[in-house]
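Everything on this sheet refers to the single structure shown next.
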């Protein structure tokens, strides 16, 4: 579980690093073209998908009352929320990070769609939202490292 969460955080940081690198390249070499319509459609679909995924991942657990076992454990406490599992929390944070990046692309696409001369909005939004993504993963990474260090 904890290694899966660590892998998820590493992927988030690698993707954010690649996006930041590409944004830097766009600032250094501004002779690129952007198809704002395709960017709008793709980012809107990504935002909707990530909202749906985050809602699914953020659901709490349900009590088990299946069949004969339900009579034996009537006073059992309800399960903890699903996000108490480190890998689910990491997946949720990963999805939120993707959502932030998708919102960044959507904002950039809207700006570029209406004002094509402001295509610099794309790398700027990438930088801003990359900071949000990295900041949102710090607490999960700290929890993962705490568990791994206790095991050591």
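Placed from the backbone N, Cα and C atoms, the Cβ positions cover glycine too.
Taken from TrEMBL, the feature domain 'Cation efflux protein transmembrane' covers 1-149.
Per TrEMBL, the feature transmembrane segment maps to 6-24 (among others). A Cβ distance under 8 Å defines the sequence-distant neighbours of the transmembrane segment (6-24), meaning residues of its chain 6+ beyond its ends; these are 87, 90-91, 93-94, 97, 101, 122-124, 126-127, 130, 133-134, 137, 140-141, 144, 148.
Residues or ranges marked as transmembrane segment in TrEMBL: 36-57 (among others).
The transmembrane segment feature in TrEMBL is assigned to 91-114 (among others).
The transmembrane segment feature in TrEMBL is assigned to 126-149 (among others).
According to DSSP, the secondary structure content of the domain 'Cation efflux protein transmembrane' (1-149) in residues is 117 helix, 2 strand, 30 coil.
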